[in-house]
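Trainee: Pasting a structure below so you can have a look.
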Amino acid sequence: MQFSTFQKNLDDWQGSSLIFGVLEEEIASQLENIKFVIDPKLLLKKVTQKKFKGEKGEILSFEFLDQNLETLFIVGLGKLKDLNKSDIENSIGNLVRKTVDKNEKMSILLPWEFINSQLEINQLAESVRLSAYKDNRFNKKKDEKKVLKEIEFLNLKKFENISFEETAQICEGVELARRLVAAPPNSLTPQEMSIQASQIAKDHGLGVKILEAKDCEDLGMGAYLAVAKGSDLDPKFIHLTLKSEGPIKEKIALVGKGLTFDSGGYNLKVGASQIEMMKYDMGGSAAVLGAAKALGAIKPKGLEIHFIVASCENMINGSAVHPGDVVKASNGKTIEINNTDAEGRLTLADALTYASNLKPDSIIDLATLTGAIVVALGNDVAGFWSNNDNLANDLKAASAQSGEELWQMPLQKSYKEGLKSHIADMKNTGPRAGGSITAALFLEEFFDKEIKWAHIDIAGTCWTDKNKGINPSGATGFGVKTLVQWIKNK
């Protein structure tokens, strides 16, 4: 999908489908703004008959047969005093999603004078594109309806030099993450994930290294390989590197959990644990690879960024890890596996150690790690933990800008008691209470304490069962926008 602007006199505009946003006040005067396509008095009569008030999310549609304009959508934006960019994005995005298969091009005219920055316009464009996203890769009969190819913004004179290039690049990263998460586990295997990562590297000039099981064994990655043992599919440890030209002012590592399917192992997932949905247990790696795609195109200055994914399956066979086994991670720590369904943190233990050995200034890991975070925060907000206040504040700022909600959780040190083992350095799970916190405390044991670190648990936010905001039902691509915005803010 492309974005464009029409900055000429509106009387010269031609198009077949127009979205017009109105506030919940003085509707008659606002309708004067579209007199270039229809008589405002006639339209006011029709609007009044429909008892349209311009309330938030209210939609009217009109079809015309005798003029160039075929369809007019009037969208209510609510009261001016309550106007915010999120409501605008959701209102316009929801409408576009409903009509995406009816138009190849849609034009949008809003009260731009109440939108404060070019960033907000870019984010609106981003929301429209992501709302219109469709994934029909696995349908026998491809959708033969129209495909929305272009969004045109009318009368953006306040922002006449606006560019949508980065917006499109970010959207492509989110869309990649969505495709990866939505792909069934017989399609997205560890091997396929490594192919996807290698393609990103090829397209954008990133360095790429794929470690095989023997390479990981040589590095002492006993925790990661213990998880992979139960699968007939070989694990793939993925490392992409984006290095800016010129002096490097900061080195960053982004680490994603990459379980392409999680059966739970011998602690088999049953009932409410939704084993059939465990294809999305690689949501963290999807966010990291989506960010790699976007940032590879954007090419931020002065940074060296490492994208790291320890990909494998957690399955059951005669070689699978047992509950009670003790394994050694690559930093030398021994771990008693008291729950084979807490496997993500085992793979991350070696991935974080690997990242730490690169001596970055900051590490951020993303993972669909715990059901406990879903109980705590639901499906709209991801929890995060950090050992550094500046990093935490920077992530909060990036979250607010990107529209992906984060909530900081405590690294409650007293809870480490629950990870103590009688026979090893630690267990991989603690008590049920505070489960997402003990998971974060576990991860904190696997990198140099001088490194700034944040862990983002996206278990509740990487998937939605129904259309919600800018997300069609299915994979959301959560995390890509926050990571990219955090990098761009540097």
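Cβ from N, Cα, C; glycine included.
Found this in Swiss-Prot, in case it helps:
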ACT_SITE  LYS269  active site
ACT_SITE  ARG345  active site
BINDING   LYS257, ASP262, ASP281, GLU343  Mn(2+) 2 binding site
BINDING   ASP262, ASP341, GLU343  Mn(2+) 1 binding site
Trainee: Distance check, please: Cα of ASP341 (Mn(2+) 1 binding site) against Cα of LYS269 (active site), rounded to an integer number of angstrom.
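Mentor: That separation, Cα to Cα, works out to 8 Å.
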Trainee: Filter the recorded positions LYS257, ASP262, LYS269, ASP281 down to the ones within 10 angstroms of ARG345 (active site), Cα to Cα, kept in sequence order.
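Mentor: So the list is LYS257.
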Trainee: State the Cα to Cα distance, in Å, between LYS269 (active site) and GLU343 (Mn(2+) 2 binding site), rounded to an integer.
Mentor: 12
Trainee: Which are the residues of the chain, ASP262, ASP341, GLU343 excluded, whose CB is within 8 A of where the CB atoms of the Mn(2+) 1 site average out, their centroid?
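Mentor: Neighbours found: VAL227, LEU259, SER263, GLY264, GLY265, ASN267, LYS269, MET278, ASP281, ASN314, THR340, ALA342, GLY344.
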Trainee: Within 8 Å of the Cβ centroid of the Mn(2+) 2 site residues LYS257, ASP262, ASP281, GLU343, which other residues of the same chain have their Cβ?
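Mentor: Result: VAL227, GLY258, LEU259, MET278, MET282, ASN314, GLY344, THR347, ALA367, THR368.
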Trainee: Counting across all protein chains present, how many other Cβ atoms fall within 10 Å of the Cβ of GLU343 (Mn(2+) 2 binding site)?
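Mentor: A count of 29.
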Trainee: For the recorded positions LYS257, ARG345, which one has the sparsest Cβ surroundings, going by other Cβ atoms within 10 Å?
Mentor: ARG345
Trainee: Quick one, of the binding-site residues ASP281, ASP341, which Cβ has the fewest other Cβ within 10 Å?
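Mentor: Least crowded of the binding-site residues ASP281, ASP341, by Cβ count within 10 Å, is ASP341.
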Trainee: Indicate the candidate from ASP262, LYS269 with the smallest number of other Cβ atoms within 10 Å of its Cβ, considering only these recorded positions.
Mentor: LYS269
